[in-house]
């Protein structure tokens, strides 16, 4: 692909192209109106766009199936050896930047796929918010996994497998629940077995991304494009709440079972820093969706409204039903009545005792 891209780029414009295609994109709504723009795309430009999309997807694959395990392994070795060499620190920084870049490309791909009909332009402030969001999220997640695995090696594999297979089978469970027919329009040359393998590889990548951070591209197997184009705030909220609880639990296990290699580490301060770092990631994510998202005008509801409705729904679930509350009030009222009745009888008996003693004395 690289060789073909350079060949097309340096030979573009020298020979007149036999045909061009016309693409139609809509502008972002301004004052409630949206104009449609037609643009001619030559054959060379179309091929370059195709290669650019392929490079973006390849960067996501390389980031989460290559750099993410590499960063985790290198940090784990540094923790056990209690030293960080210059070469290893450089490679870890490069791996972290590679993962953050892959997550950033994943966000941009999700935006362009969901809003394919619109001419999307991402501003530098949006890139900065995504970079900070992904940096805090991935760095804290990798650190938590390394700390936990350094003291409880036996339980590392179950934690990883539960996370991985949970996200791997989640799209398949939704697909089976929808009772949709098996997708066969992915590629005409693929057989049913080949289509199954492609879908398994797609869900494998989806699980690998969600192991370390929120996947902006949500897989939906019963959709022709295999992508969920709706903005689901509930799923986003549940993911970050569960991930925060999991990180806190893993840090608690590390704090309880930490070994002598952490003798000179202030464990409470480190735990607090990691939890605050993950909260900072959530904060930058909220800023991005609320203020810097290039298609925020197309949202049916803002992130603040979505989170508010999510919290109201969770409070409604956690709130006991009214029948239970009324029964509790009735029980309390009956207990108070019984107590008052017993107290009145005691008072009456106490008042009657002097008369009884007087009559007996007489």
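In case you wondered, yes, glycine gets a Cβ from its N, Cα and C as well.
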Candidate ranges 154-175, 308-329, 330-351 [criterion: TrEMBL lists as transmembrane segment]: 154-175
Same-chain residues near the transmembrane segment (237-257), Cβ under 8 Å, at least 6 residues beyond its ends: 140-141, 144-145, 147-148, 150-152, 155, 159, 210, 214, 267-268, 271, 274-275, 278-279, 282, 285, 306-307, 310
Beyond the flanks of the transmembrane segment (86-104) by at least 6 residues, Cβ under 8 Å: 59-64, 66-68, 70-71, 74-75, 77-78, 127, 130-131, 134-135, 137-139, 142, 209, 212-213, 216
Surrounding residues of the transmembrane segment (196-217) on its own chain - C-beta under 8 Å, 6+ positions past either end: 60-61, 64-65, 68, 99, 103, 106-107, 109-111, 113, 134, 137-138, 141-142, 160, 163-169, 171-172, 183, 186-187, 190, 226-227, 236, 239-240, 243, 285
